[in-house]
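Listed features, source Swiss-Prot:
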ACT_SITE  229  active site, nucleophile
ACT_SITE  549  active site, proton acceptor
BINDING   40, 41, 43, 65  Ca(2+) 1 binding site
BINDING   40, 43, 93, 94, 95  Ca(2+) 2 binding site
COMPBIAS  442-457  compositional bias 'Basic and acidic residues'
DOMAIN    1-124  domain 'C2'
DOMAIN    138-740  domain 'PLA2c'
REGION    1-178  region 'Phospholipid binding'
REGION    417-458  region 'Disordered'
């Protein structure tokens, strides 16, 4: 049964590409013509060009003064067999000033049959003969995984983690309430912790949360930790730390406090800027897109993980290989240049095992993200992106608004990050750069020879470095227009077929019509056009895609946890989002998450915003399914908000503050303080501000441990009554007609 994938072929129509291999063997009697040969002996090389191929141009090396060159160089092209693919072959002569074409011919690739290898002679100028060898193969496997199911590594992790969770639940809840739990039972609840965005405020708040969860034993019962923007920065710092989990958050948080106490402008010394620019130029010249997000990523990395800038997302596998820690999940959005993020956004999820988009069922190993793809096959592989680059992408709202981060004054600043973002147009974030342009420093016909090109590249690099330096120092339109700040990577879905777009969930019937009507499905939470185009597909013709901070649509990473395949029973979410004041209702982001879930047919408890009117501001709120027997797959949500309530009077749960110093330390507002020490744009935290925010969220979490424990007990009882939480029959799978008949029969066995 493990080999059957019930979701394969549901979203992306799986099609096969062709690998076309060309070997340029040799040429004889290369000539420039009678008069040309009298002046100079040819220095020949060959250019290959297929306009329909994504990596369209290749060339051999050149030989000096050789009329009978032997190259024996082999090149590969990935092709769409449904297109009219034609190979253009050009014989070139390398010159000091300008290379010269000695002739061009074409070859229809359709004349080669799949599996066939053959040599073909070509004639140039009636006397020159060139021999090429062709091989056409069907790419029967791809570098993308097409599926809605979890990858094998995550399934293996879940089984390993299940043993840890059982032990954690027994320690936390006692033997009586966990006596029936065992590794083979299906009544072990899946628990997830969520952290919102909110800059360093979210990162520091989440550090206090994680310390409380770690030391209380709750973290031992958790299967997933999902973060967005600022929370991902803490998760990155924690999971990339060499001593975690042997060293707990308490010690690691002290290091973090020291790191964020310095002014971020100290990272812009000439020596460091030079190092940043050199790294960015190296990336750009290799053919990868570079935007201001890359610069911000280096700044955030130098601040938070400066001693491990070479760490990568895949390195976190060692922290979870035996289920010893919860699986960390990170997120960003794929957005379109001409559409608001609230209207259209695809959620991209990152784990140490895979990166992909569940909406389309397309996933890849972390070391493939950023590489060039065509029809699911890697056509140009790059090194895995460093973790700090991903941190910059996950929190890229701050690279978009970096003038606020660095304290550069402008004439048009909103008072909050939300106001700033509302003033942004997609074209301001993404700029006018065409996502279909190639970044490689290619040599079109007639370019200068290698020495002349080296000089050109040096001048080009110097000019580019100068522009980026000017941008960093603030004397640039980048700071005023915010253009070109979104992250950008090669489109890993280039060339795929998306004939039909489906909702996020492959399951039907998860929400009853009655509940949909009761929930006022179409009611606007933040904007009349919110989520209007979420069913629209990605543009599979664009060579690059823009990726931005997920907080630009809503500020909680629920889409990662609500995937039906993860079957999460209990969600403990921590919202550090900005509010107009400390007394403002704290449910905006949660309501957006609820609406998104309903629109994607995912079970979610009814969020009643009027609970704030009835009960006032609290440290946490609980939302459960109204009718568990009907909403049988609906998780329970414990929603913590950023509020300084009992912390003012208690230094630990049940331990009153006594001294004036203790009371003064806890007497602070978060959003009402006119000095705005906890602003979303504050990237420098003195030790006292750090401790206040850290200790507040640690206290709030510990103060509600009994609420969490009770929800765990209820989740265990619920699992006993409904053990097959994520059981799926073939009749529940939308678009099951796309499944092959043999797959259907195997799945139904």
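Even glycines carry a Cβ here, placed using N, Cα and C.
Location within the structure of each feature annotated in Swiss-Prot.
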residue	record	DSSP (3 states)
40	Ca(2+) 1 binding site	coil
65	Ca(2+) 1 binding site	coil
93	Ca(2+) 2 binding site	strand
229	active site, nucleophile	coil
549	active site, proton acceptor	coil
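Apart from 40, 41, 43, 65, the Ca(2+) 1 site neighbourhood in this chain, defined by C-beta within 8 angstroms of the site C-beta centre, holds 42, 64, 66, 93.
The two recorded residues, the residue listed as 'active site, proton acceptor' and residue 229 (active site, nucleophile), show a Cα separation of 6 Å.
Of 40, 41, 43, 65, all annotated as binding-site residues, the residue with the shortest Cα distance to residue 95 (Ca(2+) 2 binding site) is 43.
Taking the Cα atom of each, residue 93 (Ca(2+) 2 binding site) and residue 43 (Ca(2+) 1 binding site) are about 5 angstrom apart. If you draw a 10 Å sphere around the CB of residue 40 (Ca(2+) 1 binding site), it holds 12 other CB atoms from the protein chains shown. Cα of residue 65 (Ca(2+) 1 binding site) to Cα of residue 229 (active site, nucleophile): a span of 58 Å. Residue environment of residue 549 (active site, proton acceptor) contains 31 other Cβ atoms, counted within 10 Å of its Cβ in all protein chains. Local packing around the Cβ, expressed as the count of other Cβ atoms within 10 angstroms, is greatest for 41 among the binding-site residues 41, 65. In terms of local Cβ density within 10 Å, 229 ranks first among the recorded positions 95, 229.
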